[in-house]
Protein chains: 2
Amino acid sequence: MKLTILGYNSAVPTVRFNPSAQLLETYNRYFLIDCGEGTQVQLRKAKAKFSRINNIFISHLHGDHVFGLIGLLSSFQLLGRTTPMNIYGPKGIKEFVEIQFKLTESFNNFKINFIELTSKNPELIYEDDKIWVYTIPLNHRIYTNGFLFKEKPKLRKLNMEEIGKIQEIKICDYYNLKLGKDFKTEEGVIISNSKLTLSSPHSYSYAYCSDTLYKPDIVSQIKNVDVLYHESTFLEELKALAYKTQHTTALQAADIAKKANVKYLILGHFSNRYTDVSVFKNEAKKIFQNSLLPEELKVMDFEKLIK
Amino acid sequence: MKLTILGYNSAVPTVRFNPSAQLLETYNRYFLIDCGEGTQVQLRKAKAKFSRINNIFISHLHGDHVFGLIGLLSSFQLLGRTTPMNIYGPKGIKEFVEIQFKLTESFNNFKINFIELTSKNPELIYEDDKIWVYTIPLNHRIYTNGFLFKEKPKLRKLNMEEIGKIQEIKICDYYNLKLGKDFKTEEGVIISNSKLTLSSPHSYSYAYCSDTLYKPDIVSQIKNVDVLYHESTFLEELKALAYKTQHTTALQAADIAKKANVKYLILGHFSNRYTDVSVFKNEAKKIFQNSLLPEELKVMDFEKLIK
């Protein structure tokens, strides 16, 4: 699983920083998470293949998370895309996109499936043979979800040394062994799967939580994830402002990370009032050591990060 | 009069080039012309004061000319703007902006006056004591206007040497002299204004024409302007494609410039198929010598250009 942060600025785009957007890659699937203005150019800088993006997840309908969506979809169209696109986002996202296509007299050559979200409870919104994606309901000034991306349990590895000792096991039996099933000989003797296989490779998981008030009830849902991106718009010194604007402080984000026992926390969505963003990392590290600052366009490989 | 081109790319934004947007400055007025995605960041790079922009002109509702508008207006709002904003654009621009403000639950602290255009004839759409702005109806796949910005005639300069010879002329008479009026002595003798004043400084004019099919009937309206920006999406070799997509070739843009007797032609809105855009200038120069390529973020001072 690999994460590329395309932008993490809050509110207003600047010359230095782009608004929220991330690209998550796993098993050759490319999930785009949020799409602030300028995301399509950031995707080009990241050398991402536009055609591989088939699923876009929008946390909420504030401009810094969604104003790049229509431009990206228009470019897909101009570049001749025909593959359908799935867009997951708050109720209203369909009208948001379709009215702009109508007024710009753009007629799409690819179908857009809108999956409009309204629930206040976590929902499984995407599933294929390798991946689950769940919503993480958040508390913000407008209806907002985070997203939890989980690789499904992987197949167990064959212990070829042990398997070699039992002539009866044929290649066609391997898949059942990888699934964790025991082996039964012709004579009816059961050989435990644990003797014939080794444990599965790690299944990676990633949680994206932006924007939100400090919301400790998400902890149970994101427990033990490998990487958590959690907004930290302010420092603890502006806790009252964070509460008023329904954002989180770096210390609060670290508290969530600690309680959820995640492996790494990435901070982001910093207020423009802070010129040196290392203060966020310093504050979070007071209670959660593995706190990281985001880096635009750097590919973060979870396997390398965690090993 | 000073022009800063913020972007001139056609269709799809790229890492190298931004979509259409220009900032025209005259008499401390800042007119924003078109607003493709990323314009607000380009304005910051140009060090333009956001608060000075009170009038935005949108040529047509194709994404590469308008997708940056909502982000710019949102940033105005987040930065605490209270001054009203005038937006001139095709019918539909009001719905385009307002639906996005509604869906993003943004409530404006400044008033937006939408001046929705529908006429197929040139109209005077803006006037103050110094400036006129007219539409230049164009032919494109969607309803489109160019814009003609004209400084009003300036006051004549006083010829102090001649004025000094006539004691009767007081300071309070100067304004009438600057307006071009003759002076009448107490004895009823009329002294011609041309004896007492020198000619007015030049009144600058600028015409923006994008996007359009080759449309020679605009020539009469833009006759003798100082600077003409005219789209040239293709070279003459792709004249048929230009016709089909309702765009202009560099040679056709030069033909318009020549017929209109403009002082300078700026080409732009180049198709992404051309990596070396100097070919546009070379083609245009065949029939119009003062053909220029656009340069992002360079301030073009008409006074220095033309003297």
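Using N, Cα and C of the backbone, Cβ positions are placed for all residues, glycine too.
Between the candidates A:D34, A:D173, A:D182, A:D211, TrEMBL assigns the Zn(2+) 1 site shared with A:H60, A:H62, A:H140 to A:D211. The Cβ of A:H60 (Zn(2+) 1 binding site) lies under 8 Å from the Cβ of A:V66, A:G89, A:P90, A:L138, A:H140, A:I142, A:Y143, A:T144, A:N145, A:D211, each of these being in the same chain and 6 or more residues away along the sequence.
Closeness to chain B is evaluated for the binding-site residues A:H60, A:H62, A:H65, A:H140, A:D211 by Cβ distance, with values under 8 Å counted; counted residues in sequence order are A:H62. Each of A:S10, A:A11, A:P19, A:S20, A:D34, A:G36, A:S59, A:H60, A:H62, A:S210, A:E231 belongs to the same chain as A:D64, A:H65, A:D211, A:H269, is absent from that list, and has a C-beta within 8 angstroms of the C-beta centroid marking the Zn(2+) 2 site. Within the set of binding-site residues (A:H62, A:H65, A:H140, A:H269), the lowest number of other Cβ atoms found within 10 Å of a Cβ is recorded at A:H140. Taking each Cβ in turn and tallying the other Cβ atoms within 10 Å, the top scorer among the binding-site residues A:D64, A:D211 is A:D64. Following the DSSP three-state reduction, the secondary structure of A:H65 (Zn(2+) 2 binding site) is helix.
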